[in-house]
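Per Swiss-Prot, the features are:
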type	residues	note
ACT_SITE	Asp315	active site, proton acceptor
BINDING	Lys22, Ser23, Arg27, Ser167, Gln169, Asp315, Lys342	3-phosphoshikimate binding site
BINDING	Lys22, Gly94, Arg122, Gln169, Arg346, Arg388	phosphoenolpyruvate binding site
Amino acid sequence: MQNYTVRPAKSVRGEISVPGDKSISHRSIMFGSIASGVTTVTGFLRGEDALATLEAFRAMGVQIDDDGETVTIQGRGLHGLSEPTDVLDCGNSGTSMRLLTGLLAGQNFFSVLSGDKYLRARPMKRVVGPLAQMGARISGRAGGEKAPLAIQGSKLKGIEYDSPVSSAQVKSAIMLAGLYAGGETVVREPHLSRDHSERMLRAFGAHVETFPGGVKVRGGAELTGRDIVVPGDISSAAFFLVAGLIVPGSDLLIRGVGVNPTRTGIIDVLKGMGGDLELINQRDESGEPVADIRVRHSKLTAMEISGDVVPRAIDEFPAICVAASLAQGTTVVRDAAELRVKETDRISAMADNLKRAGVSIVETPDGMEITGVSSLKGCAADSFGDHRIAMSMMVAGLVAQNETSVSDVECIATSFPGFVNLLEGVVQR
């Protein structure tokens, strides 16, 4: 396990670009593989999670070439995948496993999905359950709750499903199964989750219709390959947004960030806390809104974070916790129980680490209460093998009174392989 030591910063200044969006990178490989014709992907995230998806489709007979600039996919069509000869290894990627479960349920072959010890501990019944209602034959540990998952492809029928959770992974898995199902498949969710699948599937030619509170997919449509430009990942930009806000004297420009409205909860929250964030040069690329974001040091105040904004910021909460730890007053987070079933229990992990840094935090079943302090203490932080915990605590270390060490930082490579170098490149000491 590799530890990393962070020293306090005087400011964070400069211009950067963050790697391509992880959610869009996953989907570009999946949808391009089951489309007819060639799909090219520019800006693909070469992190471990998205590469796990890429390798899974290679294992199912898809020719995918990567010259370092562009990923080129020779699509096999909706029914052109081949039975894999070995277990498909999803690594640490919940997106790979859950979306592949939906896509593979309607194939005419057998497949097995597994992953690392963290992924094998995450809940899969939320996907397996509705897929079983569609006629899928899926078995796994703990009655289908845990991976490895064995999938015997079968004939599927469309269903109407009211999801108890707002999860783009659950929604997307059912939508992908719906491509292979007879009739229409309808998914409703309590709050709108990210809509990259809806946007991209429609661009590929799928019969996808959105309505308030849900999405409808009609099976049988052939997808056609296309060119995709992947914007910068706002979940990766989040660490630099928070760093720019909390480190005095900071002025940072992040270029080419995806600002899909289902993903901009982080911007709404940080602005709500008093953060000086400005979206400039707003534009549209491959059906996704994109902007440059300027962030400057700001005095932050506490707020309540709950309701619709939570699924729009679900992956950014570790970084938000760092901002809240330096905000005046007590920030209350509610409706975020989903954080407990991420790569680790992110509520407990951030509470544990920020307490070590001198912050007063009370955990609740679906969130936490964070009382801000004027400064953080350097500490020995535990990443818990979670990339977002590791990066969040490295950002916290920039404003600690002395050095902060973060354990097991190799996990950062799942989503942001160049994070350390990019951060050190803008930190002024």
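Note that Cβ sites are derived from N, Cα and C of the backbone, with glycine treated the same way.
What you are looking at is a predicted structure, and each value in this text was computed from that prediction instead of being measured.
I would like each feature placed in context: is it buried or exposed, what are its neighbours, and how far apart are things?
In sequence order, Ser235, Ala238, Lys342, Arg388 constitute the residues six or more apart from Asp315 (active site, proton acceptor) in its chain with CB-CB distances below 8 Å.
If you draw a 10 Å sphere around the CB of Gln169 (3-phosphoshikimate binding site), it holds 23 other CB atoms from the protein chains shown.
DSSP assigns Arg122 (phosphoenolpyruvate binding site) to coil, not to a helix or a strand. Residues within less than 8 Å, Cβ to Cβ, of Arg122 (phosphoenolpyruvate binding site) and separated from it by at least 6 positions along the same chain comprise Gly94, Lys146, Ala147, Val341, Lys342, Glu343.
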Neighbour count, 10 Å Cβ-Cβ cut-off, for Ser167 (3-phosphoshikimate binding site): what number do you get?
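Result for Ser167 (3-phosphoshikimate binding site): 22 other Cβ atoms within 10 Å.
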Just the number: how many Å between the Cα atoms of Gln169 (3-phosphoshikimate binding site) and Arg346 (phosphoenolpyruvate binding site)?
18
What number of additional C-beta atoms lies within 10 angstroms of the C-beta atom of Lys342 (3-phosphoshikimate binding site)?
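There are 20 of them.
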Would you mind pulling the longest C-alpha to C-alpha span across Lys22, Ser23, Arg27, Ser167, Gln169, Asp315, Lys342, which the record has binding 3-phosphoshikimate, in angstrom?
19
Of the binding-site residues Lys22, Ser23, Arg27, Ser167, which one has its Cα closest to the Cα of Arg346 (phosphoenolpyruvate binding site)?
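It is Ser167, whose Cα lies nearest.
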May I ask which residues of the same chain, at least 6 positions away in sequence, place their Cβ under 8 angstroms from the Cβ of Arg27 (3-phosphoshikimate binding site)?
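Leu99, Ser172, His196, Ser197, Met200 - these are the non-local Cβ neighbours of Arg27 (3-phosphoshikimate binding site), listed in sequence order.
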Counting every protein chain present, what is the number of Cβ atoms, excluding its own, within 10 Å of the Cβ of Ser23 (3-phosphoshikimate binding site)?
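Excluding its own Cβ, Ser23 (3-phosphoshikimate binding site) sees 29 Cβ atoms within 10 Å.
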